[in-house]
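**Student:** Structure below; questions to follow.
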Ligand code: DC
């Protein structure tokens, strides 16, 4: 039987620090990274650009199927255009969350996500990495943090980038998005079977990364 490369999945709500933590864990182990949320954000950007109706499930899935995506060292290009900053905008993230329940869209992105699996290993971050995309992952993490801690982090990030931000608005958006991501019928945000829950509300990034690396070493 061909052996598949090992996978660590990191699922969790928006702004739980998944992205940063996934990159740090991957670099410590020499693994590749899949930022699955970026694929949903890229689809959202693509339908915005093409003025596709977000409620037209087939058209949205069609847009995902033909996405021309190139992940590179410092970001991502869509149809040759650098869009790393653009896809991080709240408007794009909110649209991504809105279209994400579409089963045809999720099916369209499935093989694209699995294609990231390669030796020596992959760290995949998202909402359904451990439940749907890589159910056979060797280590599954459910990374959580309180909505207040996440809103504060997002606020700091935006202010650092010189973008004005309002904590109360961010907290409200975050709660709405959590509710949508958790309650949707298809691939909801729930801990995978066998997942280890890591609460980063009171941990630094270094401590969170270390906790995951310790769990990885303990998994052998
Ligand atoms: O992780 P993120 O905030 O970049 O993800 C943006 C949206 O994409 C999120 O609100 C829900 C959706 N998403 C998803 O449904 N499944 C994933 N594996 C990753 C993201």
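The backbone N, Cα and C atoms fix where each Cβ goes, glycine too.
Annotations in TrEMBL come from automatic prediction, not curation.
Here TrEMBL flags 8-215 as domain 'Cytidylate kinase'. The ATP binding site feature in TrEMBL is assigned to 12, 13, 14, 15, 16, 17, 18, 19, 20.
Burial and contacts for the listed features, if you can.
**Tutor:** Cβ neighbours of residue 16 (ATP binding site) (same chain, under 8 Å, six or more residues apart in sequence): 143, 144, 145, 150, 200. According to its DSSP assignment, residue 16 (ATP binding site) is coil.
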**Student:** Pick out which of the binding-site residues 14, 20 has the most other Cβ atoms within 10 Å of its own Cβ.
**Tutor:** 14
**Student:** Can you go through the binding-site residues 14, 16, 20 and pick out those with a C-beta less than 6 angstroms from ligand 1?
**Tutor:** 14
**Student:** Just how many other Cβ atoms lie inside 10 Å of the Cβ on residue 18 (ATP binding site)?
**Tutor:** 27
